[in-house]
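Swiss-Prot annotations:
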MOD_RES   Pro3  N-acetylproline
MOD_RES   Lys14  N6,N6,N6-trimethyllysine
BINDING   Asn123, Thr173, Lys177, Arg295, His327, Ser379  substrate binding site
ACT_SITE  Lys175  active site, proton acceptor
BINDING   Lys201, Asp203, Glu204  Mg(2+) binding site
MOD_RES   Lys201  N6-carboxylysine
ACT_SITE  His294  active site, proton acceptor
SITE      Lys334  site 'Transition state stabilizer'
Amino acid sequence: MSPKTETKASVGFKAGVKDYRLTYYTPEYQTKDTDILAAFRVTPQPGVPPEEAGAAVAAESSTGTWTTVWTDGLTSLDRYKGRCYDIEPVPGEENQYIVYVAYPLDLFEEGSVTNLFTSIVGNVFGFKALRALRLEDLRIPPAYSKTFQGPPHGIQVERDKLNKYGRPLLGCTIKPKLGLSAKNYGRAVYECLRGGLDFTKDDENVNSQPFMRWRDRFCFCAEALFKAQAETGEIKGHYLNATAGTCEEMMKRAVFARELGVPIVMHDYLTGGFTANTSLAHYCRDNGLLLHIHRAMHAVIDRQKNHGMHFRVLAKALRMSGGDHIHAGTVVGKLEGEREVTLGFVDLLRDDFIEKDRSRGIYFTQDWVSMPGVIPVASGGIHVWHMPALTEIFGDDSVLQFGGGTLGHPWGNAPGAVANRVALEACVEARNEGRDLAREGNEVIREASKWSPELAAACEVWKEIIFEFETIDTL
């Protein structure tokens with residue numbers, strides 16, 4: 001041991017346990033442009049002061065452990081430690097606080113969501129001194145976001161590939177989600193695309209099961225979309241789910257999709273994992289494939305208000321890891337999603353620069369610089385009567401995806417697709433004429449149904465179907 005090292009390691013070291021706040025609570029700290037900033041919702045155990053709880057989060061998600069260690073003297077804690085720099089009580093909640101933590105950029109591997117999350121949402125979430133812990137938001141500095149490729153292509157490139165502008169895109173998840181043979185599955189794909197949809201989709205749990213192996217499904221779906229393209233003169237796509245049990249198998253499926261000449265593949269990014277997702281996103285950019293992302297398992301992580309991680313963080317992570325579409329709730333359908341909160345993370349997916357706005361749950365200003373945007377997908381319990389609201393809420397840069405709302409049409413799959421396309425075109429035309437879809441939406445649909453029997457039949461079937469439940473994901 002050199003004299004210099006010996007002195008650094010031994011001078012000032014005192015074994016034992018001391019409060020986290022003595023080292024990691026630094027309210028005087030001025031955050032840097034290069035810091036990664038986190039907003040945690042912290043519920044301390046009884047008797048634990050908020051300063052100690054906040055400092056514990058900063059410590060256990062960065063350089064700290066439960067006791068002092070002599071190896072602290074071999075490095076510069078001031079350079080590498082996370083810092084709890086602000087604490088504010090949550091209005092209306094007893095013993096709950098928003099804790100702000102700043103992390104030095106050098107704590108994280110470049111271009112790795114996996115490494116970022118392993119630290120910030122790792123073991124600290126099981127820390128006994130906390131009753132509950134939720135990550136509400138992250139500020140990703142450009143110095144870090146620029147180390148990621150991001151989405152394979154982005155919104156503008158996708159529109160150019162599809163030659164479709166000025167309206168939301170239409171999709172449909174093939175149902176029943178499990179049990180169809182590959183040929184019957186392909187038939188449903190063809191009928192929906194021929195009827196006017198832009199995309200059809202594998203359900204998230206369709207991988208390669210005994211009733212339908214992946215290669216058979218890929219072949220029949222490719223045949224269906226090329227036939228529909230020839231008949232309609234429009235570019236069509238089917239989200240071929242490449243998710244698999246190993247990264248090697250996932251990549252093999254993506255390669256086969258490219259060889260078939262289809263425009264888009266799909267991945268379940270949370271169950272598949274960020275490492276696999278980032279690898280697939282890089283392949284998709286290099287080989288001209290669009291990448292649709294499903295968020296299966298997200299509600300396990302994000303639905304509880306006081307513990308876990310808000311979906312806006314998962315959305316930011318996906319934009320960095322890579323995806324051209326991601327499911328983002330509907331506001332009006334069967335799945336969870338409060339309007340202002342949903343639109344907050346929709347903006348975080350699509351826009352280049354998003355201002356801090358606590359009324360929408362956005363804790364930090366986020367500058368994505370030149371990273372491409374992600375198209376939000378509205379899917380889950382929606383039908384033709386929802387079309388005006390969806391068009392008004394999500395705007396043109398979105399995918400509106402009707403599964404049961406297409407395949408449940410009383411006349412069949414193709415008429416279901418026709419009904420949705422007519423409803424969408426009517427809403428876009430009405431909006432472009434200056435009509436208020438929020439107030440006049442039902443009238444727009446009724447007018448369009450007079451000259452579309454397919455839409456009229458859909459309107460009759462679903463005229464009383466609503467999903468009225470109290471939203472859990474509120475501010």
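In case you wondered, yes, glycine gets a Cβ from its N, Cα and C as well.
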Near His327 (substrate binding site), which residues of its own chain have a C-beta under 8 A away, given they sit six or more steps off in sequence?
Ile293, His294, Arg295, Pro376, Val377, Ser379, Gly380
I'd like to know which of these recorded positions, Lys14, Lys175, Lys201, His294, Arg295, is least surrounded, judged by other CB atoms within 10 A.
Lys14
CA-CA, which of the recorded positions Lys14, Lys201, Asp203, Glu204 lies nearest Lys177 (substrate binding site)?
Asp203
Site of maximum Cβ density within 10 Å, from binding-site residues Asn123, Thr173:
Thr173
Remaining residues near the recorded Mg(2+) site, that is with C-beta within 8 Å of the centroid of the site residues Lys201, Asp203, Glu204:
Thr173, Ile174, Lys177, Asp202, Asn205, Val206, Tyr239, Asn241, Met266, His294
Write down the Cα-Cα distance for Asp203 (Mg(2+) binding site) and Lys175 (active site, proton acceptor), rounded and given in Å.
8
Here the binding-site residues are Asp203, Glu204; which one has the lowest number of other Cβ atoms no more than 10 Å from its Cβ?
Asp203
List, in sequence order, those recorded positions among Lys14, Asn123, Thr173 whose Cα sits within 10 Å of the Cα of Glu204 (Mg(2+) binding site).
Thr173
Please give me the CB contact count at 10 A for Ser379 (substrate binding site), counting all chains in the structure.
24
On the three-state reduction of DSSP, what should I expect for Asn123 (substrate binding site)?
helix
Between Thr173 (substrate binding site) and Lys201 (Mg(2+) binding site), how many Å separate their Cα atoms?
5
Applying a 10 Å Cβ distance cut-off over all chains shown, what neighbour count does Lys177 (substrate binding site) have?
13
